[in-house]
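Single-structure report; data block below.
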Amino acid sequence: MNPNQKIITIGSVSLTIATVCFLMQIAILVTTVTLHFKQHECDSPASNQVMPCEPIIIERNITEIVYLNNTTIEKEICPEVVEYRNWSKPQCQITGFAPFSKDNSIRLSAGGDIWVTREPYVSCDPGKCYQFALGQGTTLDNKHSNDTIHDRIPHRTLLMNELGVPFHLGTRQVCVAWSSSSCHDGKAWLHVCVTGDDKNATASFIYDGRLMDSIGSWSQNILRTQESECVCINGTCTVVMTDGSASGRADTRILFIEEGKIVHISPLSGSAQHVEECSCYPRYPDVRCICRDNWKGSNRPVIDINMEDYSIDSSYVCSGLVGDTPRNDDRSSNSNCRNPNNERGNPGVKGWAFDNGDDVWMGRTISKDLRSGYETFKVIGGWSTPNSKSQINRQVIVDSNNWSGYSGIFSVEGKRCINRCFYVELIRGRQQETRVWWTSNSIVVFCGTSGTYGTGSWPDGANINFMPI
């Protein structure tokens with residue numbers, strides 16, 4: 001090959017390489033421009049689309065780095081918009097309840113630093129469930145645990161842990177409270193925390209970790225609330241609060257809260273005579289609560305809360321198999337759906353039930369006199385027919401030889417329906433077990449199932465002789 005041919009060949013190869021490089025640079029430029037404009041296409045509205053005025057919470061904002069031929073391109077992944085919960089799905093159809101969680105707090109207290117608690121409950125955010133309880137400002141193996149049978153002291157605080165995690169020393173103290181309720185509106189937690197003097201207590205409303213509002217006692221007689229979850233629909237949360245006599249006429253009010261601020265207060269109306277410690281659940285578009293009549297009735301009051309116009313109605317569960325303790329035996333107990341049955345109304349215990357068409361699912365202590373044992377069952381016609389007593393699908397949760405306590409409901413939203421779950425407080429120590437000076441609890445939790453299930457008993461399980469005095 002002569003020199004001229006070599007020059008021509010080298011020139012051709014160089015031109016080819018230059019052309020390829022030029023085309024690659026054009027491709028990189030096009031890719032860069034395309035990705036730059038795509039990152040602004042996340043949920044961008046049409047020019048004539050009206051955007052909502054409420055704030056939008058960005059849950060995550062991730063930047064992805066892509067390396068192309070020494071050129072850096074940043075691509076922003078579309079942020080996820082968090083919305084208020086509306087609970088519009090139907091209620092799950094169930095055959096009974098299956099075990100879900102048990103924290104074994106008392107057994108663990110025999111050899112570890114576990115809080116002394118009572119009044120536990122469970123509530124869930126859209127992704128995870130949490131257990132709450134009112135701590136006594138002390139662990140069990142501590143002299144401060146003496147005489148913790150008392151309900152209202154200034155050292156009590158609301159504790160919060162992931163469900164199944166006992167209240168250890170690292171547990172978060174959410175607020176100061178000897179009575180409480182908590183719920184998640186889809187964006188943040190609301191905590192209602194009552195503390196202070198019996199005759200002049202304060203309820204603090206804490207939303208997203210900030211104190212947003214408060215209200216003082218209106219009857220100067222132990223302002224108190226649900227001891228279980230409140231309910232939020234489309235950004236409005238509702239909670240039932242009572243101030244007044246525990247064994248006579250009291251003043252119950254239903255509060256409506258938006259992002260921690262009280263927006264309305266409705267008085268109790270309807271036929272319920274006394275209302276405390278309600279267990280509430282969403283019944284879209286409204287909220288329904290099953291409560292404790294501590295005055296006249298061993299049948300449980302029902303409160304229906306209209307979330308649109310703030311109107312309130314109340315009545316009583318129709319089932320003649322009544323849910324409170326103490327109560328008459330099942331042969332002689334009664335309920336006419338509208339009024340208290342005037343059967344062993346005082347004192348009572350927190351409990352739950354929920355409607356299922358004309359029927360009702362409910363839980364109660366097995367003993368008619370004491371807080372011992374726990375059972376669940378369905379009463380045919382128990383929601384619509386006065387004094388109905390046809391019971392099916394009975395399950396023993398805690399056998400009659402073991403202590404129980406308060407119980408309450410919480411709701412869990414699935415892909416197709418809303419499931420109902422409940423917890424049972426398993427009280428140990430005083431006043432029933434006088435070998436020790438403390439009073440505390442563990443919990444067991446069950447959820448509705450459409451499947452089959454077996455039998456068993458899930459008591460607290462601690463040997464009182466192994467426990468610190």
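For all residues, glycine too, the Cβ spot is worked out from N, Cα and C.
According to Swiss-Prot, R118, R152, E276, E277, R371 bind substrate; the candidate from R172, R292, R300 that the record adds to this site is R292. With D293, G297 listed by Swiss-Prot as binding Ca(2+), the candidate from D324, D329, D330 annotated for that site turns out to be D324. Looking at C92, C124, C129, the record from Swiss-Prot puts C417 in a disulfide bond with C92. Here C291 is paired by Swiss-Prot through a disulfide bond, and of C278, C280 its partner is C278. A disulfide bond in Swiss-Prot ties C183 to one cysteine from C175, C193, C230, and that cysteine is C230. Here the region 'Disordered' (324-350) has Cβ contacts under 8 Å with residues 227-228, 246-247, 271-274, 276-277, 279, 292-301, 315-318, 364-365, 367-371, 386-387, 389, 405-408 of the same chain, all six or more residues outside its ends. Ranking the binding-site residues E276, E277, D293, D324 by how many Cβ atoms sit within 10 Å of each one's Cβ puts D324 at the top.
Nearest in space to C232 (disulfide bond), taking C-alpha to C-alpha distance over the recorded positions C124, E277, D324, C421, is C124. A Cβ within 8 Å of the Cβ centre of D293, G297, D324, the residues given for Ca(2+), is found for these other residues of the same chain: H274, R292, N294, W295, K296, S298, N299, R300, P301, Y316, V322, P340, N341, G345, G348.
Note: C417 (disulfide bond) has non-local neighbours K89, P90, Q91, C92, Q93, i.e. same-chain residues 6+ apart with C-beta under 8 A of its own C-beta.
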